[in-house]
Amino acid sequence: MGQTRDLPKQAFDYHQAGDLAKAEVLYLKILKEDPHHVDIAFLLGTLYLQSGNPDAAIKFLKETIKLKPYHAIAHSRLGIILQEQGKFDESIKSLKRAIALDSTNVDIHNNLGAVLTKIGKLDEAVESYNRAIKLNQEEYRVYSNLASALKESGKLEEALINCNKAIELNPHYAEAHNNLGTIFQEMNQLEKAIVSYKNAIELKPDNPELYSNLGSALKELGRLDEAARYCRHAIILKPEYVEAYNNLGTVLQEESKFDAAITNYKQAINIKPDHARAHSNLGTTLQEQGNTDEAVFHCRQAVTLDPGSAELHNNLGAILQKREMIEEAITSYDMAIELDPDYAEAHLNKSFALLLTGNYKEGWIENEWRLRTKTHSLRNFNKPKWDGSPLNGKTILVHAEQGFGDTIQFIRYLPMVKAQGGQVIFECHNSLNRLLKNYAWIDKIIEKTPEPDIKFDTQLPILSLPGVFGTTHDSIPSNTPYITADPGLAKLWGIRLDNDSNFKVGIVWTGNADNKKNRIRSCTLEDFYSLLDIHGTTFYSLQKGPASVEVDNSLNKTEIVNLNDQIKDFADTAAVIANLDLIISVDTAVVHLAGALGKPVWNLLHFAPDWRWLLNRDDSPWYPEMRLFRQTKLNDWADLFKKVKDALLQKINNTKTLSLKYYEKKPTLTLYDCKK
């Protein structure tokens, strides 16, 4: 009899020592002898919770509640398990019942907050955590969880304060360091995020989540090899870890290793078929490979699984837009914005869709959200943005913000700025300074720096000018040329090319390798080979960057003149273009430069074109001398080049006499090329 009385103590001792198997045997033996032993039923339910047997845990916790309906901790632990099973309504019901029974229990309020955070009821979650803190202001775990809820609410500064409080209370709490990393990552302070994740790993080196999160931050910094290594280590620690497979997939996708990325996304989905983000990521990768139907399917599946995710609706919109399903894309962007009104990326994507369809009025407004996206370098000028009102002698700083092509396209607005009666300072990339130094409507040109050391009264990013001036399709300032090549340089290049009596064609096949869109919009040098047998033509490579050496390594290198070594900057490129008869290029800064110079230019467009080229037309309202060649099937450059070849043959046959040399032409004086 005494031995039977000792069994509960023996079982509990085993349980406390971590020997769950022996504890389980004794607990079951006790319950067989005494099925109404409420404490043992509760301990057995807790043991199964700890050992990862949720169904058994639920069975014995419910038995505990049946025997003792007012057992608050049993209700609480039942709520935890139901939450892990995705039964959120039942979980919340159990946790609220536990609070009704014991409103002073910090852990129960904390657990309720965790469930509410998971289902997106963030205001209620914050209230639960705050109630827990009122009960115990030294409970570091609650501060850490509160920080997570605040981060999800977009209240990043408050989140930072509470996370730091958790670390102050317990510097060895790895979860708080991890949460701090996620907050810094959301704030785009990636170096700080990496430090926090590494601090967490030092404290808890066997936690796979920490390695996966570190990999995610490294990916955003572009340190892809390191990112992949940490994600793979997370998978080694936990082979069924869904998030690590998903994160590794994003790294591989960034490296353009699409097959490997797809394998990892599919592995994540195999483990967790309802993983919405993996479906969305799989969709975007399939789109990259041209599997558009599958891409749309998985992105639609993602929003079905998680209809409350603004990011997933935005991703679906981007996929639909690439298929030229513009109205549906805008609907998806609107849904994302409805869910998160401050979601800058969704606003920006919507602007691209609107501008692509020629809806400039709404498009320019939405496009201002680009200044709030994560990828935009925020600059604090401490001066007001210009609203288009008369300058009356004030000084305005107009600053370049994105690529060279954007600057070349939108500098056409500076005469309109100058007409408002002020001094115009223009800040741009160094590669454009020599080209623009004599631009008539710039009073001073400065090199782009983090903080310009110059006095001014107001400022505006150059891409905001079309919106300020209310540009519509019919009011685009399209007179060309609005940029001119330096006459001395143009004459020099004219002399260099004078011996060539052929029809001279400049070509470019790829853009800036650092631009994420470059791989999509670029063709290959080999695609141009089909043009090389056209009699009476000479092809000049205007390609800059690493790809320029492809000409020298090409089997057809004798057919193409490589000018890379002789072109220092855009001033040289402009001088060369001035002496050529035609430019044929994919969508790069060179097509903008040729268009701005008023030279004939053929722009080779991917199936999903940039917003500025509109849809279903072969001309451009921005550049009268430009002709657009569009892919009719995704990634099908071969068919496009057949059309280019036919058009080039026709153009050469129709060319009776070559034009005057550029430096012999008389300038046409218009608003855009006359001197002050």
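Glycine is treated like the rest: Cβ placed from N, Cα and C.
The repeat 'TPR' annotation in TrEMBL covers 38-71, 72-105, 106-139, 140-173, 174-207, 208-241, 242-275, 276-309, 310-343.
Under DSSP, the residues of the repeat 'TPR' (276-309) split into helix, strand and coil as follows: 27 helix, 0 strand, 7 coil. Assigned with DSSP, the residues of the repeat 'TPR' (310-343) fall into helix, strand and coil as follows: 27 helix, 0 strand, 7 coil. In the repeat 'TPR' (208-241), the DSSP tally of helix, strand and coil residues is 27 helix, 0 strand, 7 coil. In the predicted model, residues of the repeat 'TPR' (242-275) average a pLDDT of 97.
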